[in-house]
Amino acid sequence: MTTEIRVPTLGESVTEATVGKWFKKLGEAVAIDEPLVELETDKVTVEVPSPVAGKLFEIIAKEGDTVEVNALLGAVEAGAASVAKSPSSSETSVSAAPSELEQSSSSNTMPPAPSAAKLMAENNIAKSDILGSGKRGQILKEDVLNVLAQGVKTSPPAVSASSSTPVSVSSSAVAPVQEMREERVRMTKLRQTIARRLKDAQNTAAMLTTFNEVDMSAVMGLRKRYKDLFEKKHGVKLGFMGFFTKAVCHALKELPAVNAEIDGTDIIYKNYVNAGIAVGTDKGLVVPVVRDADQMSLAEIEKEIGRLGRLARDGKLAVSDMQGGTFTITNGGVYGSLMSTPILNAPQSGILGMHAIKERAMVVDGQIAIRPMMYLALSYDHRIVDGQEAVTFLVRVKESLEDPERLVLDL
């Protein structure tokens, strides 16, 4: 008896997906609830599990195919088990026992990430030389860099042993090698959506960016004094994102236009704050949403940001986790960015960019002092938000961070 495998419901407004990878081959045994195939939507990656135990009987949708919700992907034959082909005696006698590293690599069916594959090709590193740290053992760029840092021996190109006489190589023979320096990789659904949405935001909104700078001394001092006690009581580390989210929520109460959106000829003002927190992953940028952030304590915000961040990096975010945001915060500072002009996350009317904290000489009470400074950037939709409102919003965020007591006193 065969059981059909169909595309599950992928969430509100998501009608199709791309078949990313089949984890099993035809005839291979599968356990109940074992992932069979990976689907890529324009928002998340979804694994479709096997509803029964048996073997993969049929594959209908090939890797790279676009499928709609409830479309037939394949079928599993319930109760059947695949039979592994036993190696011949000659093969057994010739093949040496694989090392632990080779066993780990051979069992990994995930192809290396494109950036990792490029580095491996450039440095003549075999897949068997690397243990992947990504999802299901996928080799990531960081894994290759770690191997290179350890000085792994690369595999040199094979040289014919039939002659020791140097052989001249014509330019025509080099040409195919030069062509291999480029790589064409199909864009994932997520990357296509990122590209489309960012360009649509630029084309639709009257986008403008205003800047300010903030002295992080107060926040850093507060964090240093209470980080151990905070973690002991709440079970989560005290980071910077919690302070920024609280400061943003505080400023949005005073300037609701920055938390609004346009719908046709109407402006919708939101009396709540669903803060989108931009998270970088191997497959692209995603923006999970901290719902009702304005009603949360600092500890609750930090816990929710941590939870969503882990789901994002593991590729387990649900579509609902990324819907309904009213304002976005992005922190390019974790990558070393000194300043940027963030692009709006439509249909939102504002996005705040945080950046690297750098010690700079500042004039404080007529004296030169070294202070940890950060540039802030607010990109906003000028159709809704006036310049005065945008500047005031950024000043309020600055004031809350330089004097965190204002958040407690609601000033």
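Glycine is no exception: its Cβ is also placed from the backbone N, Cα and C atoms.
Owing to the predicted nature of the structure, the values given are computational and were not obtained by experimental measurement.
So that you can see what the record holds, here are the features copied from Swiss-Prot:
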DOMAIN    2-77  domain 'Lipoyl-binding'
MOD_RES   K43  N6-lipoyllysine
COMPBIAS  82-100  compositional bias 'Low complexity'
REGION    82-115  region 'Disordered'
COMPBIAS  101-110  compositional bias 'Polar residues'
DOMAIN    111-148  domain 'Peripheral subunit-binding (PSBD)'
ACT_SITE  H382  active site
ACT_SITE  D386  active site
Tally of DSSP helical, extended and coil residues in the domain 'Peripheral subunit-binding (PSBD)' (111-148): 23 helix, 0 strand, 15 coil
The domain 'Lipoyl-binding' (2-77) - residue tally per DSSP class, helix then strand then coil: 0 helix, 40 strand, 36 coil
H382 (active site): tally of other CB atoms within 10 A of its CB: 13
PLDDT averaged over every residue in the domain 'Lipoyl-binding' (2-77): 82
Helix, strand or coil at D386 (active site) [DSSP, three-state]: coil
In the chain carrying D386 (active site), residues 6 or more apart in sequence that have Cβ under 8 angstroms from it: A257
